[in-house]
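A.B. asks: Below is the structure I would like to discuss, written out as structure tokens.
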């Protein structure tokens, strides 16, 4: 039941993240606001999640994984109710920020609780099931969001979360192992510095992507100087955080994590792998909608092979990691992804089946191979007392990588051959991720061993 609770908890966050885009036109019409305002319904959630995920993981270590997961679920349910009852766009944006902050607790705490509950021999498969459920709920988010909005109105997209939160908390009370956390003070000053730095960096990266376009007369535009300054402040903030942590009596990021080559290597591989796939996710819709002329619904269906492959096979491949070792899976996965990107680049003029559906299926299979072993290796590379923080760091790495990938893709999209160039960049980045994973000490272990 612990795994069920963790899956339900994370599913709330994943469904909301993908269901909301289809609701935005209705929100814009109902509240009578411009595109910039309604875009913050998405951005507010994303910025809170990206900037607070590491802190959420650290809180899970200090105060108990099951306890913080239950608290995160309750807060997410309350924030969802606040979204559903929003009388204005400002109220909705504030509630979405609260949702993002709650998700920043739920996501790392759920993974850390899985790591603490299941022994090494079962961890890969459990994480594979978690990843599979996450992929399926992510893929189903737009469909569910569209149906609920058309049938019951946009508030229903948020009203589905409170009952899930209550059920999840009930399961945790019944089945979660006792975990009082560790005897360590929480580094409040370090948390404030880190949240500010990551928030600034995430905001700057998010504004380089698809938001700087004119749609229906609305313009969301920021000068390059402004974005550079904010990004620079974020980087300086991270340096200040590192300086503070070295001198803090109770650092949020213990020195043992900073010196852990396996942990650092696997997170660097995460940056490369998720940065690469976000480049593809940014560029492919332009090819489908603009060059191929597909309707939006058909274009969305082109992504289903990716999500379904992960959803159906992550648990299977997670179990195989126990037999073949994590290194084999972590090299094969990113390498297969790189081949998929190259395939798409060279098959741009081919029919949809050969040029998109087939390589997207290969990409989904590749991610099904790597998702569970990568997460299990990250958790296995550190001590149990740091599993929440480690999960938070790995989640933050994937979020920042996705934003950076979109920024890189936006930089090449304006070129005539931008699609091919971007996919080539994605392939190269994915190969680098495979090489890093190959030399990571933990990646050579079986069944998540160290």
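Even glycines carry a Cβ here, placed using N, Cα and C.
When I checked TrEMBL for this same protein, it listed these features:
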- 2-445: domain 'Major facilitator superfamily (MFS) profile' (DOMAIN)
- 37-56: transmembrane segment (TRANSMEM)
- 68-87: transmembrane segment (TRANSMEM)
- 93-115: transmembrane segment (TRANSMEM)
- 127-148: transmembrane segment (TRANSMEM)
- 154-174: transmembrane segment (TRANSMEM)
- 186-205: transmembrane segment (TRANSMEM)
- 225-244: transmembrane segment (TRANSMEM)
- 264-284: transmembrane segment (TRANSMEM)
- 299-321: transmembrane segment (TRANSMEM)
- 328-346: transmembrane segment (TRANSMEM)
- 352-375: transmembrane segment (TRANSMEM)
- 419-439: transmembrane segment (TRANSMEM)
A.B. asks: With pairs restricted to those 6 or more apart in sequence, evaluate whether the transmembrane segment (264-284) and the transmembrane segment (419-439) have 3+ C-beta pairs under 8 Å.
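C.D. replies: Taking Cβ pairs at least 6 residues apart, the transmembrane segment (419-439) and the transmembrane segment (264-284) are in contact, with 3 or more under 8 Å.
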A.B. asks: As a test: from 68-87, 93-115, 127-148, 328-346, pick the stretch that has the greatest number of Cβ pairs under 8 Å with the transmembrane segment (299-321).
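C.D. replies: Between the stretches 68-87, 93-115, 127-148, 328-346, 127-148 has the largest tally.
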A.B. asks: Across the domain 'Major facilitator superfamily (MFS) profile' (2-445), what does the pLDDT come to on average, as a whole number?
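C.D. replies: That region's mean pLDDT is 84.
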